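Trainee: Pasting the feature list from TrEMBL:
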type	residues	note
BINDING	Ala170, Arg171, Asn275, Ser298, Gly299, His300	pyridoxal 5'-phosphate binding site
MOD_RES	Lys301	N6-(pyridoxal phosphate)lysine
Amino acid sequence: MIDKKIFKCLRGDESEIALVQEGLKIDIRISKIYEALFTLEEMREVFRHALPAGLDDSEEERIDEGLKRLERILDEIRQQKGNRLRYVSDKIELRTREEEFINIDPIQAGGRLTLDARKALIAYGDGYSVCDNCLKPFRLDKIKKPPIDRFHDELAAFLGMDEARVVPGARRGFQAVVSSLVERGDPVLLTSLSHYTEFLAVEESGGVVREVMADENNIITADRIAERIEEIERKDGKKPVLMILDHFDYQFGNEHDVYGAGRIAKEYDIPFLYNGAYTVGIMPVDGKKIGADFVVGSGHKSMASSAPSGVLAVREEWVDKIFRTTDIRGDLTGRKFGVKEVEMLGCTLMGAPLLTMMASFPHVKERVKRWDEEVRRSNRFIETFLKIKGNRVLSEMPRKHTLTRVDTSASFDEVAKTHKKRGYFLTSELKKRGITGVFEGATREWKFNTYGLTDREVEYLGSAFIDIAKKYGIEVEA
Ligand SMILES: *Cc1c(COP(=O)(O)O)cnc(C)c1O
């Protein structure tokens, strides 16, 4: 009975939100679906050890047992009963975050797998699975079956660039470019909002970081970039050999002037790496229009792919430098390694990460066209959120992104001061309402990401925050 009411609540009936206040009862069917999936995998396992000629009696028996178990589980799903499965295997807990909760974790929103990606994951999870049909010249991006070669062409076109490679994360894209362009002591232009992985890529190459400070609104402007370049030239005696700018930074989700940066890059003749970790795969990105020499994206952050995955796309004139092929030779054997690319260490994403990326790609191409709707929903949530007295948005307004940094020092943190759970009261209240992804214990400055949520979910999310505020006597605007 209770189950049904909560279900109704989750369907967006605001008036019933109070029902879940004292703890959400998790739908048992979620766990049962996993159980059914695992049972099917056990049946699949039988075939993986059977002789090609067919199953023997004991194997047939195991298939029968599997079917019976499956039927029991299906019954439990129908009747919504049974025990909850807790572990995948010893000590590895079942992960049901995306099924049981509305997840507003800043880094997880754009990397959730699509249904097709989850299917690909099941089918291509084996180690070197993409190598089944690897023929001469033996390179990942040349494989035709599955159509990895075509995927590479489509990726480059999708980003408005000439050549693309898949890489294990945006960071590996930075690394490939930095290691190709930066020598010991060379200045590299980053910003006061740059991601740490950019710093580490520079550190590895022996370069030195020169930052551009964001302005008083936490925006990196073209003027500031130009000024800083001139200052570096004066002080270091040479211009930066590379500049990296995050289109939207990870701290505020603010938009920085990448078009202006593209112009400056051309003017000062500095190679420009566009960091699209928070854009490629969720909004349209046209590298050439921006004036970028390199575009880097993150598969697991914004392209609905498994980790580690990402993309590095370059303009024609950089292909030979960044994707240079091996020249090395064994001194005793004289062995050489053909067209393997040095920065890629030959091949990169050799299984599940790549196939999830490929399976999600058609959906990703479509979803970037709906970025406006995502931004609209982000602003709609913020509007509700700001009805709570004391809540502040630290990111630029109106929002141009779904990632937002807020300050609740004057609202939720006031409650935390006297609550027995301290700062954990907020995450705990959110959990009770089926919301997760807010940094545990945070009540001052924290971030969330509404990417991928439906109108209904955004509505629910807003009411949940209002509801918590009211419960603790925080004033809420009508
Ligand atoms: C997340 C993030 C990265 C790192 O991406 P990976 O794909 O995990 O390497 C780099 N830059 C920015 C701005 C990010 O937000």
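Here the Cβ of each residue, glycine as well, is placed from N, Cα and C on the backbone.
Can you walk me through where each of these features ends up in the structure?
Mentor: The Cβ of His300 (pyridoxal 5'-phosphate binding site) has Gly111, Gly169, Ser306, Ala307, Pro308, Ser309, Gly310, Pro353 as same-chain neighbours under 8 Å, each 6 or more residues away in sequence.
Classification of Lys301 (N6-(pyridoxal phosphate)lysine) by DSSP places it within a helix. Lys301 (N6-(pyridoxal phosphate)lysine): 27 other CB atoms within 10 A of its CB, across all protein chains.
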Trainee: Listed pyridoxal 5'-phosphate-binding residues Ala170, Arg171, Asn275, Ser298, Gly299, His300 - what's their greatest C-alpha to C-alpha distance in Å?
Mentor: 14
Trainee: Would you list the other residues of this chain near pyridoxal 5'-phosphate - those whose C-beta lies within 8 angstroms of the C-beta centroid of Ala170, Arg171, Asn275, Ser298, Gly299, His300 - in sequence order?
Mentor: Val167, Gly169, Gly173, Ala277, Val296, Gly297, Lys301, Ser302, Ser309, Gly310
Trainee: If I restrict to non-local contacts, at least six residues apart, and a C-beta distance under 8 angstroms, what lies near Arg171 (pyridoxal 5'-phosphate binding site) in its own chain?
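Mentor: Arg171 (pyridoxal 5'-phosphate binding site) has long-range Cβ partners Thr197, Leu200, Ala201, Gly310.
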Trainee: Could you tell me which three-state DSSP class Arg171 (pyridoxal 5'-phosphate binding site) falls into?
Mentor: helix
Trainee: Which residues does Ser298 (pyridoxal 5'-phosphate binding site) neighbour through Cβ under 8 Å, counting only same-chain ones at least six apart?
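Mentor: Same-chain residues close to Ser298 (pyridoxal 5'-phosphate binding site) (Cβ under 8 Å, separated by 6 or more) are Gly111, Gly169, Ala170, Gly276, Ala277, Val280, Gly281, Ser309, Gly310.
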Trainee: What Cα-Cα separation, expressed in whole Å, is found between Asn275 (pyridoxal 5'-phosphate binding site) and Lys301 (N6-(pyridoxal phosphate)lysine)?
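Mentor: Between the alpha carbons of Asn275 (pyridoxal 5'-phosphate binding site) and Lys301 (N6-(pyridoxal phosphate)lysine) there are 12 Å.
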Trainee: Taking the Cβ of Gly299 (pyridoxal 5'-phosphate binding site) as reference, which residues of that chain separated by at least 6 in sequence fall under 8 Å from it?
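Mentor: Looking at Cβ-Cβ distances below 8 Å from Gly299 (pyridoxal 5'-phosphate binding site), excluding near sequence neighbours, one finds Gly111, Val166, Gly169, Gly281, Ser305, Ser306, Ala307, Pro308, Ser309, Gly310, Val311, Pro353, Thr356, Met357.
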